[in-house]
Each structure stands twice: as structure tokens, then as C-alpha cells.
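K.L.:
Copying in the features that TrEMBL gives for the protein in this structure:
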- A:11-24: compositional bias 'Low complexity' (COMPBIAS)
- A:1-24: region 'Disordered' (REGION)
- A:366-398: region 'Disordered' (REGION)
- A:35-51: transmembrane segment (TRANSMEM)
- A:58-80: transmembrane segment (TRANSMEM)
- A:114-136: transmembrane segment (TRANSMEM)
- A:143-161: transmembrane segment (TRANSMEM)
- A:188-207: transmembrane segment (TRANSMEM)
- A:238-258: transmembrane segment (TRANSMEM)
- A:264-281: transmembrane segment (TRANSMEM)
- A:288-305: transmembrane segment (TRANSMEM)
- A:317-342: transmembrane segment (TRANSMEM)
Amino acid sequence: MPNASDTETVRAPGARPAAAGSARAGRGGFLLPPWARWAGLALGAALVLLFPELSPNAYVLSAGVIVASYACTATAWSFMGGFTGYVSLGHAAFFGLGAYGTGILIRDLDLQPFLAWLLSGLIVLVITVPIGIAALRVRGASFVIVSISFVLILLLVFQAWEGFTGGANGLNVPRPFADLYRPDHHRIFYYLFVALLAAMLVSWWAIDRSRFGAGLKAIREDEDKAEALGVPTRDYKLAAYLVSATFTALAGGMYALWFGDLDPIFQFSILLGAYMVLMALLGGARHLFGPLVGAVVVGSALEYFKLEFGDTQLHLVATALLLGVVVLFMPDGVIPAATALLRRLGPQASSIREITAEELLARNRAASGGSADPADPLPTEGAGDSDPAGPGNQRKEG
Amino acid sequence: MDGTLLFQSLVLGVLLGGLYAILAAGLTLYFGVMRVVMIAHSAFVILAAYLAWFFHQETGLDPLFSMVLTVPLFFGIGVLMQRLLITRLRPATLTMMSVLLTFAIALLIEGLLGLFWSGTQRRIQLSYSGANFEFFGARVAVVKLIAFGLAVVALALLFLLMKKTRFGQALRATIQHKEAAQLVGIKTDRVAGIGFGIGLATAAVGGTALSLDATIYPSLHWSWIGPLMAIIVVGGLGSIPGTAIAALVLGIGQSLLQVELGTTWAQTLFYVALFATLMLRPQGFFGGRLAQRF
């Protein structure tokens, strides 16, 4: 496979391309040469865009819309969970708020549906500021507790406040394209979800390459050291949280416009938040396309389970087992797991570092050689493993 | 609100707080020994309640006797869980990943309960289910009092174990500073395993107490985990006395609010308290030096 050839290029044609190649390998773990990545990207995009034409019936198309919405939520989740390593089990809260915000704005203010959608994203952004400040005052355990509690409290409130939210009777959101047939409706929303996903992926990619992204990753690897080095950890975390929440809310609002019927039990469901985490982790939360891959796998599996086993609790058991396996055996997701496997089958690297000493030497030589630009901060993805986790690692900020 | 009603809800609040205290004590214990937020705790509580119900169904004996089986069983499961699952996680990401792992366990329990015993609501009918007595003008259900008694006995045992035994000393040392505990010769791994087992054993006790008085169904654990987690944060993560005090205060608060606002809104008290704690005193109100680091 291409990874073998990658190491070949490192050795063969002089120092400068080698530096570029190894920097890329260090960055994401992808070992494919550039042309293969572009070809893969084009192929993936074509498949995604052609899906509605390929789907045999309206049911498959609607399942595709659901998977696309899962992909949006999982990618939105990874803005927080992937970059900073803060696992939020409560992102369903933002999904539900976005959905209900859209629905209520249309119902009460009679806004144009997509205007309501944008506005509700904005409202969620504002609501998230105090929540984020409260949640991010503490690290680790308390953050998770807050995130779960936020969903639970919203579930309670939206169920109890019937006059405003429709309570357990549900909230009916009028369809934005009232004169379309079901399949056409699905098709339009499939493309809308894909467009939203594309916007997220581009933002993710831009953040990944930015100083902001480097700061977030530094927080993930060692928050104390990052802070000591002058990363404004609180502001960065809050910013990432806001981006993540807003995108989740936009996905939720889109879902409301598509599905047209909201129920607190399903919108503010812990299970939905768990799906986001599962999808992102399964695919690899640190990778651009990881959550998307995870969403395709988990989303299709969920749809299959619903179709095959209906209302039984089997999908819970399956989700639980899958989550357990992912957490225990491949917490970095399938993309790194697959890359590691390829690497193991390919030429052996003896170092536990992300880049080998050899590659580092080649890189440094290239750097001192002049024009090469490996100045971008290298993410130290291996640091988590090699650092013994003393209590100092997890000390709270003052 | 007149005096009798106030007193009535105060008494109910204390009884409820006792139950909260024993349930949250387990959570505190896991967090103390392993820095693990055990989402599955309340799922195990519901599992114990189901086992008590099943035991009563099959044998006709009082569900309290089911503890003879469930407490050792849960202790064993707890030890195994810590030894086989939690220790497999990477130390650097232990807190986050353990949340996900225990979340998966909670889902698994919920799913299996649904598969075996369906989603139907269950309730144990006992000869003394409807009985209650007068306590200075307040009506107290006997089952609530039994549940409270169980909680108090279990908490007292836990307290004695922690304070008076050699093992308790080792456990507290492990909670306070793992590396230092290792240096003085404590086998912290084994201690943590047993601590986990004890935590899960309290879930068995709490679940049995709960089964006396509550209608149970598989997804019930979600409505318990939120309040319990709020309690351990308000109490200061890792401090058992702090947890007990917070449980009592919040239990009484919930009970008092229930009169005015109804059950649903009263439950939001826990979350309000949680957010207030994080805003004002992230380390918790009742001690817990540990919490500062998290």
C-alpha cells in the first residue's frame, strides 16, 4: 500500500521532499501521497454528492439524511472533543436548543424558516457563553458532569414548560418547502446537510492549521504546560466550545426543518450526545474526516438495527458494546488504528515518537538547509502516552 | 405553606436525603480512588432494584433479603470492573475515557434490563407497602423509613470502615495521594479495586432500598445520575462527609420545593446548585481538597 512508497520517497529523492513528506505524516497520521489524498477526497465527495441519485428508494434517502445529520453533529462535536480533548456527553443539549429555537421562532414570530434557523444558531451561541464559562472553570470530571447535567435539565424544562415548548405533545415545525413531495424534500435536505457539513469541515481544516488550533491541541496534550507557555487556555477553550455548540445547534435546527416534529425525549436525549461521541471517537476525533467516517458507520448501523429489530433494546446493547470496544481498544479511532496497522505491516519504525529520529534529522537538515518551512508547530500526539500522568498533569488552574 | 406541611416535607426531605447520601457515597468513593466518574452507578442501582424485585417475585421473601446475594455480587463486579476494565485505560485520559466506558456500561445494563424484563414498569407490593405512621404530626411511610434506615446503617458501616480499620486507612491514603501511598507500601491497585467493589456494593444497598418504594423501569437511572452527580460536585469531589451533607441539604431542598413547584421543577434544584457551585466555588462547598485539581 502507499505507505510503503511514502517511506521510499523519504529516502530516495533528497532532503526537501522528504521533509515535506514526514511533516505531513507527523501531522495527521496519513501516510498517503498527496495525489492519492486528493483522488480519495474527490471520490468521497462524488460518492456523497451522488448518493441521492444512487439510493433505490425514499427510505434509503431518508436514512441518508439522518446519517448526514449525524455526520454534522459528530463533526461539530469534534471541534471541542477532538481539538481540546474535553469530552462532552451533553452536546444533544445544543442540538435540541437549535431545533427548538428554530421551531419556536417560526411558530411565534413567523420568520422565514432559514432565517429562523440562523437566528436560533445565534441564540444558542449566546446561551452557551455562560454555560461554557461555568463548565470550563473546572477540568475533566466536572466538565463531563456539567455537560450531562445540562441535557438533563433541559429535558426537564422542555417537558415541564408545555405552554412554550409543547411539552411531551411535541412541537410541530412547518416544512419550509411545503409544496414538495417527500423524496424531493429528503433530497433537498440531504444536500443542505452536506453543505453544512462542508462548511464545518472547511472550518475544522482552517482551525487545524491555525495558531488557535495549535493552542487547542496544546491544551489537549497538557493544559498546564500550554498555560505556562502563554496559551490563553480559558479563552481558547471557550471559543472552541462556542464554535462546537453553534455548529451543533445549526445541525439541530436543520433537523427540525427537515423532520418537522420535535419531542424533548428525542431532542434532549443523552443517547444522542453519546452517539456523537461514539461516532467521533470511532472514526478518530483528531482527524478531519474521522467523525464523518464514524457517522457513516454508526449511523448506518443504527438505521439497520431500527429496521431489523424495531423497538427492542438491542440497539442500546449494540451501541454500548461498540462504545466500550472503541474506548478500550482504539480510543484514537479507526483512522489511526488503520494507519498503525499499515505501519506495522510496512517498514518498521523503532521509535514511539510520532516521527522517527531519522525523519527528524532529515527535517532539521532540510530546515537548516534553507528554504523549507517546517516551522509550523508540530502536534505532539505521542506526548499523552509517553508522559507519566503524575497528579501534576491534572492540576486545576488557579 | 403551613407548619404541618412544612414539617412533613422536611421529614420526607431528610429521608430522601439519606437515600441520596448512600447512593452518592459510592460515586464519591470511585472518584476518590480512581478519579473516575462512574456514570453507570445509578444503572447498577436500578439493576439491584430489579434484582430485588425479581428475587421477591421468585421466592416471595422480603426484597431486603436479596441483599445477601446482590451485595457480594456487586462487590465482585466492582473489583473485576476496576481490575479488568478501568486499569486498561491510559492514565493521561483516564478521567474522560472512564466516563465513556462507564457510560457504555450504563447503556448495556439499561439495554439488557429492557431485553430481559421488558420496559414495563415494575413495583414491589409488600404487606407493609401502604403502612405509615404518625411522627409529630407528619405522616411517614414505613418503606421510606426502612430505606432511610438501610442508608444510615450502610453509611455508618462505610464510615467505620474508612476511619477505624487498617484497610480504611490505606484507602484514604490512596485517595489523598496515590504515589505517597505507594511509597509507604500500600498496594494501591488492590486497594483501588476493593474501593471500587465497596462503591458498587453501596449501589446494591441503595438499589434495594429504592425498590421498596419506587416504580422501576430500565431507563430510570438517567433521572438519578444527574442529581447524584450534582451532589458529589456540590459536596466537593472525593469527600464522603461533604457528599453526605450535600445530599441531605439538597434532598431537603427538593422536598420543600416540591410542595410549591411540583416534582419536575423541584428537580432542577440540583442543576441550579451544580451551576452555582461551579460558578462560586468549583472545589465544592463541603471540603474536598481533591476537587481543586479537577
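Even glycines carry a Cβ here, placed using N, Cα and C.
Looking at the shown structure, what environment does each listed feature sit in?
P.N.:
Residues 51-52, 86, 88, 91, 95, 182-183, 186-187, 189-190, 193-194, 196-197, 200-201, 203-204, 207, 240-241, 243-245, 247-248, 250-252, 254-255, 258, 272, 275-277, 279-280, 283, 285-286, 290-292, 294-296, 298-300, 303 of the same chain lie 6 or more positions beyond the ends of the transmembrane segment (A:58-80) yet place their CB under 8 Å from a CB of it.
Sequence-remote contacts of a segment are chain residues at least 6 beyond its ends whose Cβ falls under 8 Å from one of its Cβ atoms, and for the transmembrane segment (A:143-161) they are 86-93, 96-97, 100, 131, 134-136, 167-168, 264-265, 267-270, 273.
Residues 48-49, 51-52, 61, 64-65, 68-69, 71-72, 75-76, 78-79, 83, 177, 180, 213, 216, 243, 247, 250-251, 254, 257-258, 288-289, 292 of the same chain, all 6+ positions outside the transmembrane segment (A:188-207), place their C-beta atoms under 8 angstroms from a C-beta of that stretch.
Beyond the ends of the transmembrane segment (A:238-258), by six or more residues, the same chain brings 65, 69, 72-73, 75-81, 83-84, 86, 88, 91, 94-103, 113-114, 116-118, 120-122, 124-125, 128-129, 132-133, 135-136, 173, 175-176, 185-186, 189, 192-193, 196, 200, 203, 207, 212, 216, 267, 276 to within a C-beta distance below 8 angstroms of the stretch.
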K.L.:
Please indicate, using numbers and ranges, the residues of the same chain that are 6 or more beyond the transmembrane segment (A:35-51) and have a C-beta under 8 Å from a C-beta there.
P.N.:
2, 64, 190-191, 194, 289
